[in-house]
Amino acid sequence: FPKAQPKCLKCYFLSFWDYETPKVMVVKNRTLGVIYRSVQFLVITYFIWYVFISQKAYQESETRPESSVYTLMKGTAVHGDDILDTVEYARPSEGGDVISTILRREVTYDQSQGTCAEHFNVANANCTKDSDCVQGEVDFDGHGRRTGRCVQYYNHTFKTCEIQSWCPIEEYAVVREPALEEAINFTVFIRNSIHFPKFKVGNIKDASNKRDMQKYLNKCQYHEEKEPYCPNFRLGYIAHKARENFTELCRTGGVIGVFINWQCNLDIDPSNCKPTYAFRRLDLRKDQANSGYYYRFAKYYRKDGVESRTLIKAYGIRLDVIVHGHAGKFSPIPTIISTVTAMTSVGICTIICDWIMLTFIDKNEVYSDRKFDEVSKWHRVFNMFLCFIP
């Protein structure tokens, strides 16, 4: 058929410019009509209520704001004969997105550089003679460098290897102080402001900044419903919202995340942006060896001309302030995309009802014959076949 190829190509070219349109068929079936209108109603309701109103699909959004956080710990507690202020229990007393408070201390007094017996729980520390101890050896799970001598373990009858370190070692001489449970009423001040550079909106601060700050902050305590704008949080309230027992936190310490979430609709006044707060324990409680929160620090002084220190192992609550934000503002591009998507999705109704009509309706064969024109289909095939006839 070499001679027929030009004619065939001509047929294809001409058929390319044909216009095709679907056949419209009105089906007088009340059940099918109810299904069709119901599905239409659900699709339209979904786009109007959820997509446009709830999700604000007509807005351009930004989810990575720039944020600044200022924290401050306030309160006074009685601990034995001592009065503790912010300097004693807060680290740091004021700071950024991390602040901690000491709830319990384990203190080792009057340590100085020298030699003493290693703790008996350290691997290979127990000995009976000097040859059991390797001079100069350092065990990184221990407390110092071994001198090569086997000495009596303080006032006990057994012996361990002697080490060069801060003596006496912490595990032997530690003094455990009672927990500072009065800290449940300590106040944590958290001020946060955010900036959305994409929309060139200035710093947005928490709503409490609108009021007379001094008078307001002296008497308010944050409450989700009664005082949602107050930036003062009781430490006990934070522990409760994180579903933690404060007495247990005093014993082991813990890390609690303070999650601040800003939802801003910039189509209205940015000052209406309101932060919401959530609290959650962050440290791994299942891993008993690494759960809780504690750290060590020392207070140095000179005693009889010798440098000495008091070693403090502090258990407490560390607050990590984590800020999230979402801002939206009207933009024509997402509005057009969402509108076109909604209009296209209405076509799903026709697909569903066609499937029901051709599958479950009693007269489905009649509807199929009316909907699909088999004569037209074979007529086109026949015309294409004629293209190959010279």
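Cβ atoms here come from the backbone N, Cα and C positions, even for glycine.
The disulfide partner of C167, as annotated in TrEMBL and taken from the candidates C116, C127, C133, is C116.
Within the set C250, C264, the cysteine that TrEMBL bonds to C273 via a disulfide is C264.
K313 (ATP binding site) counts 16 other C-beta atoms within 10 Å of its own C-beta, drawing on all protein chains shown.
Fewest other C-beta atoms within 10 Å: among the disulfide-bonded residues C150, C167, C220, C230, C264, that description fits C220. In terms of Cα spacing, the recorded positions C133, C161, C264, C273, K313 that come within 10 Å of C116 (disulfide bond) are C161. Most other Cβ atoms within 10 A: among the disulfide-bonded residues C116, C127, C133, C161, C273, that distinction falls to C161.
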